[in-house]
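If you check TrEMBL, you get these features:
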SIGNAL    1-18  signal peptide
MOD_RES   Gln19  pyrrolidone carboxylic acid
DISULFID  Cys23-Cys165  disulfide bond
DOMAIN    40-179  domain 'Lipocalin/cytosolic fatty-acid binding'
DISULFID  Cys90-Cys183  disulfide bond
REGION    184-205  region 'Disordered'
Amino acid sequence: MALSWALAALSLLPLLDAQSPVCANLTAEPITNATLDQISGKWFYIASAFNNPEFNQSSRTIHAAFFYFAPNHTDDKILLREYLTIGDKCVYNSSYLKVQRENGTVSKYEYGKEQFADLLLTKDPKIFMFGFALKDEQNKGLSFYTDKPEVTEEQMRVFHEAITCIGMQKSEISYTDAKKDLCGPLDKQHKEERQKEKEGDTALG
């Protein structure tokens, strides 16, 4: 199962016009511990646009999605737990992402090779984007995440401007719908199980 944000990225920097305010938020910065802390926790997959056929098809099968990032500062890895609503089913996946601090990227082995994505933070700490293969016209794309299922007009404008910046059209964007989420019960179950494990460990200690 492809990840909801279909990791596959090359450096954004050669494509960006440093003078363009539209592109100002699309600069991948080195990843620090503070960066990892900022993206830690629960996020909602809101929208994406891909030229890559596999990623485009995969993204359009996802009705709703949310996930948890649990970074490990020492190992430079991020535990990813994602909940995808596909059709009338909830699909749960757990995996690890590698962090390339200096490049500002994360990666995952997928589609038979290591795939990379630029971590793109904005002035708003409640949103972020992943940039994908933007030097490759046939495979480029962006995906957009927020810390709540509801998105403000300003937050969506940031994503729309980024889509324009990379030379794609708004009509190419695929959106999710949190109202179609079917993974809430499983998420609740997992939280209860982890809480019981934590209480058990405390009792043993």
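Cβ coordinates come from backbone N, Cα and C, glycine included.
As a summary of secondary structure, the domain 'Lipocalin/cytosolic fatty-acid binding' (40-179) carries 26 helix, 72 strand, 42 coil according to DSSP. Taking CA atoms as the reference points, Cys183 (disulfide bond) and Cys165 (disulfide bond) are 34 Å apart.
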